[in-house]
Structures are given as C-alpha cells and as structure tokens.
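Features of the protein shown, as given by TrEMBL:
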type     : residues  : note
DOMAIN   : B:65-277  : domain 'ABC transmembrane type-1'
TRANSMEM : B:7-29    : transmembrane segment
TRANSMEM : B:69-90   : transmembrane segment
TRANSMEM : B:102-122 : transmembrane segment
TRANSMEM : B:150-176 : transmembrane segment
TRANSMEM : B:197-219 : transmembrane segment
TRANSMEM : B:259-280 : transmembrane segment
C-alpha cells in the first residue's frame, strides 16, 4: 500500500515537473559522428546552465534537407529552429515558414561584433531571417614541401600570373621526373564543390550575379575573364577531376598528388591526425587589377513560426545567444571542424578558446589566413549586401556554375557560349 | 457473404496499392498540369500542357530520352548474352561449379550504393586501383568517369556487372529444367553442340530469356542510383538519362511540375515499349509440341 501511494505521488508529480520544462527541438545537417557529438556537448553545457530548458538535436542529412524541410512545413511538423545555409533559409522564407530575427542579430552584434559581410545572405527585404553561427571561407591551401621541391621556394603565389606559372611548372617538372603531381586542384564535377571553386576565382574580379535591384548581371567581361582563367588553370589539374567532388579532391591532395587548391581549411584535422604538418594557406591569389576576394559561406540558424506558436521562442533565443558565446562557439568551430567552420564574430575570432584548440594551434598561420579571409569573402548572389533576387536558391541548387564549367573544360562549349548558356539558365529560374 | 469473402481478404492489398501506386500517379498527373515548384504547394496555378510543351523545347530532356534508349539497348545487349553464356558454361555438376555459382552472386547482392562508390574509387585516374594496374603496364592513365566519350559506356559495364549474376541464376534455373534425355537423344541422332543449342536449349528456355529481357529492360531504363552516385548525369550531360534528369528537375531545380510531366512521359514510354515487347517478343508455343 505504501509503495502504491509513493508511486501514485510520483506519477502525479511527473507531469508537473515536465510542464515546468520547455523542450526545444532543432534540426541540423552535420551527420558525421564527431559533429553530432559537438552539438551534444553544447546542448549539455546549455542544459547545465538552463535546467528548465531541454534541447533535442535531430540530424537530417544535407541530401534530404530541402525536401524534409518543405514536407515538414506543409505538414506543420517543423522543429523550433534549424541550422541552415543561405539557399535553404531562402527556401524556408519563400515557404513563409520562418520569422525575422533582427532582435537577435542586434543583440549578438552589440555583444560580439559580427563580421558585417556575413549578415548579407540573410537580409531579405530589409529584415534578417537567419542568425549566422559560423562561416566557411575558401583560401588557397598548399603543400609547402611540393612548392619547395619544384619551385625552389615555400612561398606561395600571390597573383593569377604567379599561380598559373607555378601550377604549370609543378605539373611539367613532376612529369619529367616521373611523378604524377599536379600544380593545382580544380574540380569540374556537377556539384557544389565546383561552384565554390569557380566563384572563388570570380570573386577576385568582383563578379556580381545581380545588381542592387536584383537584375541579372552575370554575363560580364569579368565573368568571361574569370571563366577563361579557370579553363587555363584547369589544364594543370588532374584529368579525372571532371567527375570529382569533395572526397576525391581531398584524397588526392592528402596523397600529395596536388600542390595547391582553392579550398576550405578543414583538411588540417586529417593532417593533424597523421602528424603531418606540411600544410599552409594564403589568401586567394588575384590579378594585379583585381581584388582580394574569395568565396565565403556563412551558416545560419533560422527560427520556424511553429516555435512562436508553441511558446518556445524565448528558449530558442536563449540557446542561440548561448552558442554565440566565444567559449561555446569555439566548440562549434574549432572543435567541430577546425579550419572549415570559422567564427563569424570578432569576439569569437579573437577568443583564446578558439586559438588554444590544439589543431588550430598546430596550424596557426593557416588559421590566421583563414580568419583574415572572412573580411574579403562574398557569396554568389549576395554581393550587394543582401538577398536581392531569391532565384539564387534555384540557381545554386541546379549547380548552374558547375555545369557551365563542365561545358567549358570538356570543350562542349567555348567560354562565351558557356557563360551565355549559364545566363539563360539563370534567367529561366528567375521566371 | 461467401460471395464477397475473397474480396474482403484482398481489400487491404487493394487499399495499399491505391495509396502507394494509384494516388501518386494521380498526384503526378495533377502536378504536371500545374505550376508546382516543391511538389506540395496549396492551390498551384493551373497551366494546362505548358510543362509538356516546355519539355519538348528542352534540349536536355529530348537528349535524355535518346540516352535512355541507348543506355537500355547497350545494357540489354550485355545482360542477355553474357548471362546465357555463363549459364551454359556453369551448367555442370561438381564442387568447382557449385563454388563458382555461389561466388558469382556477390556483385548482385551488393547494394547499388556500395557498387557505385567502390567503382567510383577504383576508376579514379590518379589514386584508383584500375589506373594503378594500367600504369604498371606502361599505358597512359584513363579518365574513365571524367571523359564525355567513355563515362556512359563504363557505367553500362558497371550496371551490367551488377545484373549479370541475377540473369545467370535465372538462366541456370531454366537450363536445369531441360531433361538430359533430350540431349542424349540428339547426340545419338548426330546433332553437334551448336545444333543442340539451337534446336533444344533455346526453344526450351525461350520464355526465361524473354523474361530476363523484360526485367533487364525495365530495370535498365529506370536506372538512377548508379548514374547519380557516380557522375550525376555528367560530365557535360553525357550520362544524363531520363530518370536522372527527372530527379534533377524535381529535387535540384525544384520544378516539380515539369518533373511530373517528364515522369509521366517516361511512364508512357515504358508502357508503350512493354506492350510492343509483349506483342512482338512473347514466345509462341508451336502446334503439336508440348
């Protein structure tokens, strides 16, 4: 009888305890186990400081992100918030499923000082719809030992001419010696990796996809010149790269088959694990009449309307403010993907929590270059400082830039025709 | 009640088929006549045959139909002849042949995702094992999946490699049903191996060859996973078959309306070819022969 009474009391009390706890759910798309573990780490730390808020992470692989997001919006089963990219945030915005986050941006900016360019992709019609959490700058990564062996110096190229000459020399000299080392690693597969590399080259000439009014300005002399340069440089890239994505280019670079490539800095983790420190980076070389520029991909969080409907908004805001704290943000950046996921605020970029990470420390110069690159980075379609044309989501999703490059390097089309083709494709998405 | 008992038992399956086959087809037809981007908007605008007309002006779509037929033809050529040859070779008693018949199944039981990724790595020009062997022979490296002229045919070979064990097992099963007494009698009558093959083997396994051909056609025409996981229809659309293009339209450019129209056209093509296949190629039983 006594046991029954105790059980009854506990069962009655349990709902009261649960009612006192807010449970928020978020989706993210970083499926590798170590990334899931990093997310859980910050969740555990948050819950320790906020025992009245329970946080649940759910992993949706990137390949399913768009369809699952749209299906959830339609079914009314969205999580409270979601880690995202500009294109996905635009899709959620177009589906009228998310809320503006100007207040959160303001608070974080005043506390931690955003790198202002990282806010651009999330400003739509004068309001912010995504909270940038980390960013991914592309720089020229290289193997100093290969440069020294074939160029006689560890100093990387700084201009387009130097880059082209260096790539040519390394490829030809290594071939003469019977090695198969290519001066540059450029992909031409029909995928996002190719798009990112192409755009990094385009950024050096200030290519703009749209003007301030959202009119298409892609087909320009700068674009033609950038594509021509990519084609010239591609001659010194491994021939199989017409079918490459991230996996192949990373494997070839790590295997010492490629000397340099425009890429993210995330390979430092692999090199660190192998105790190989033959890896460094430099700001993407640019032509003498060009500009310092590179691709940069800020990742954000957007908040669904369902969070407001369920009364979870304050809990979600608390969590977002928490993860932007430099010590916590260092877990999402330095610990999760050192060199690839980079802080978007000055406070986090300068934080000792970031720089004391063992891998960041081991490749200090490389990471200093990557942090510097956040000041020059732009993202295709957002060069004017905001999202002026929402067709960029479809343009990017269709891998238009990648297909254009494939047409050029396989000689299916000349540069002028390929750029014109890409322009027409973009126009069709704008309709 | 007794009259309807059978119907009652079959009803759950009918309901299931309605939901997973008929309803999606109706939805697809509806989407193909509307301006649908993501596939499940509320009240998308009715556009009539616009999606179909747009497709007819789309060079990549027209090209992908041709590529699908070429893909199917090349696959059929290999997937009908090689399994039969292997079956004829392996239709013998003995532990060695038993072992080979078991090992032969390995490509078939591997999931296509595994097949795609493994072959993609094996064929990688710089660090793949195939080019390592080629280099060892003193030959130049081959860009298998990055070449617009080679990628298509290499994928045909990989696809066939995956299907051949299944076709072989079916052919072996058919061969095992042929009474050996027929071959003995033919030998006594002076028939050589070739004549036994033409006049005994082929007629008696004709139905299985026909069935394997039908399966190979349907599966080959609808191949998506291998192509998407290796080349994504590239390089430069050289491997962009109809299923791959439909997927790209639906899930990469979010043009669900056009993708639905393309899928419907694909369905009609398959139905048309299947009808012709049934009419023209169905083995007929000769009068007076059991």
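Note that Cβ sites are derived from N, Cα and C of the backbone, with glycine treated the same way.
The stretch from B:7-29, B:69-90, B:102-122, B:197-219, B:259-280 with the most CB pairs below 8 A to the transmembrane segment (B:150-176) is B:69-90. A contact between the transmembrane segment (B:69-90) and the transmembrane segment (B:197-219) is present, since 3 or more of their C-beta pairs, 6 or more residues apart, lie under 8 Å. Scored by C-beta pairs under 8 angstroms, the transmembrane segment (B:197-219) has its highest count with B:259-280, from the stretches B:7-29, B:102-122, B:259-280.
Residues 86, 90, 128-130, 145, 158, 161-166, 168-169, 225-226, 229-230 of the same chain lie 6 or more positions beyond the ends of the transmembrane segment (B:102-122) yet place their CB under 8 Å from a CB of it.
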